[in-house]
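What follows is a short report on a single structure.
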Amino acid sequence: MNGLEQFGQDPWWIIAIKVLLVFVVCVVLTLFNIWWERKVVARMQHRIGPNRHGPFGLLQSLADGVKLALKEDLTPEKADKIVFITAPILACVPAFVTFSVIPFGPEVNFFGVETPLQLTDMPVAVLFVMAIASIGIYGIVLGGWASGSTYSLLGGLRSSAQMISYEVSMGLALVTVFLMAGSLSTSQIVAAQEDWWFGALLLPSFLIYCISMVGETNRAPFDLPEAEGELVGGFHTEYSSLKFALFFLAEYINMATVSALATTLFLGGWRAPLGLGTIWAGANEGYWPVLWFFLKMFFFIWVFIWLRGTLPRLRYDQFMSLGWKVLLPASLAWIVVVAVIKMTAIEGGFSPNWFLFGFGLAVTAVVVLGFLNRLPEKEAQVTTPAGGFPTPALPQGGAVRGAAQPLVFGPPASANGVRILPSPEEAK
Amino acid sequence: MSFVILASVTVIAALGLLFARKPVHAALSLAVVMIGLAMIYATLEAPFLFAVQIVVYTGAILMLFLFVIMLVGVDTSDTLKETIAGQKVLAALLGIGLGATLIAGVGQASIATMRGLSSANEGGNVHRLADLLFSRYVIAFEATSALLITAAIGAMVLAHRERIDPKQSQTDLARKRVADYAKSGKHLGPLPPPGTFARHNSNDTPALLPDGSQSKKSVPAILAGGASNGTGDEGQGE
């Protein structure tokens, strides 16, 4: 009928295990992503990052989570109690629900039952993700409103305006994917990318999606709803303890969700990367695809972290005009182009793939070159005149690169009068 | 079974919409009603309608409602004062009339088992819907979109205001600040934050200046117990 017969056939205990797995994957991903983000950002800033708890500091986020849960739970006097408590739940639950339609792999032997590595699928799976994400926005808006504080209200309003605006360009970027795949179900879209990834075929859509997914998740450089310098903590200023932890969890799951969606829609989902499947047929069978899927997903998450470590925050009006005046018209124009090329190809009886690829590449190259052309010329190195403002000298050999040197604990350093923590062995 | 659950949730939320005192609570109940309806569509094998109902009504329209309610009045509760004379009586009469018509109408209908759903959904719900929208109902579809675009443009025209002087960019503002400083000595940077170098860091503790005196400009006028003191006025001296 519509290629979804493989879903809805599982016995109840398989469904229960899958639900549990989706939940566990979301939570563990969050813990891992927090650790990874801190580690990568630390490296970018020439620091060490968490390294005390567990191997490589891996258990740091677990410790932080426990600490967060045991903190005092404050409710402001002016807060609207019911909404104040509902809001974090409303932000968190949709984040988990969206993961149910993400395909992690093909049909496999799962505890003796042949079943796809996906909780469920429906003819409108991608629209379902958008719909559930729009419910998640409520959590943030209501959290901001219910706190009864100006900062929170402003943060909530900003974030809802931002998420709604970027959802529009995100949705339009997805339309071309639907056009090419002929379906809205995630498993069908992955199946349609057997030969060509949509990321290559629909390069402009892919780029628009990547920009708007950062806006959609309120991450730097688009993290205006929690702009610390202006709004303290934005919508979660008044939240503490578990309620704050739920918002935190929702943000990181959302980051994983949009990454997983980008993987599914543009990078071939669980299919082996770079034509590996043509050389080694086993790469697209069994449990191997799970590895490819997570590799691609972690690539996106790494980009998120990279952006956060690199770019300063945008001004609010610049950010909004980027969404409405650049991304939105660009996606509309690209939809028309894709529709025309695909229709011509159907009428002419040829494959549209190379045309789309070439056209998309050309458009992207023109845009990128035009953008580079507009960048200001690099200013010449300012030489400080004698008696000028005193600035500290740069380190010898130029700027410091790479991670910081690992700390050495022990008696030689403490002999110089520097107070250093004792090593774990010494402490015993 | 699922209908009973969904219907009871929807009806309870609808009653909440009627009896909630705060507009935000009413809007939230409406959101639950919308989601309940969407779920019912999903159980009736109309997945596209399910997704669109949530995206459009819950995601977009109700969010706009919330926006307006939050911006206009954060704390306002409904007042029960009538602004139109006899409104309650009229509303009750019309309501009873509508209820009677609905009950009469629905009571007349005989409910048999569903027919034709599988043929209507043949080849996929989304595909069939697209087929219908872009063939048989294409004129209605386009007319609706034209109407919506007209409405959007109308709203923009109504809200539009011709700009008389050019928009000041960040550079212009910075230049103006420096020029002001050169002319009147007005402080260039941001105001000192409250609590700087002071004993406490709460918002009502004035910052201490290098000579130990208090900077009145650091405390917001609302907290300083009267709008007349230093925060609002311009000028460098304390």
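All positions are counted from 1 along the displayed chain.
Quick reminder: no glycine exception, Cβ is built from N, Cα and C everywhere.
As written in TrEMBL, here are the features:
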| type | residues | note |
| --- | --- | --- |
| TRANSMEM | A:12-36 | transmembrane segment |
| TRANSMEM | A:82-104 | transmembrane segment |
| TRANSMEM | A:124-147 | transmembrane segment |
| TRANSMEM | A:168-190 | transmembrane segment |
| TRANSMEM | A:196-215 | transmembrane segment |
| TRANSMEM | A:244-267 | transmembrane segment |
| TRANSMEM | A:287-307 | transmembrane segment |
| TRANSMEM | A:319-341 | transmembrane segment |
| TRANSMEM | A:353-372 | transmembrane segment |
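In this chain, the transmembrane segment (A:12-36) lies out of contact with the transmembrane segment (A:353-372); the count of Cβ pairs under 8 Å, excluding pairs fewer than 6 apart in sequence, is fewer than 3.
Just going by CB pairs under 8 A, the stretch in A:12-36, A:168-190, A:196-215, A:244-267, A:319-341 that sits most against the transmembrane segment (A:287-307) is A:244-267.
Long-range contacts of the transmembrane segment (A:168-190) within its own chain (CB-CB distance under 8 A, at least 6 residues past either end) are made by residues 2-4, 6-7, 101-103, 116, 118, 121-127, 130, 198, 201-202, 205-206, 208-209, 211-213, 216, 264-266, 268-271, 323, 327-328, 331-332, 334-335, 338-339, 342, 356. Within its own chain, the transmembrane segment (A:244-267) is flanked in space by residues 26-27, 29-30, 33-34, 65, 68-69, 88-89, 91-92, 95-96, 98-99, 102-103, 126, 129, 133, 136, 139-140, 143, 174, 177, 186, 189-190, 197-199, 202, 205-206, 209-210, 213, 216-219, 235-236, 273, 293, 296-298, 300-301, 304, which lie at least six positions past its ends and keep a Cβ under 8 Å from the stretch.
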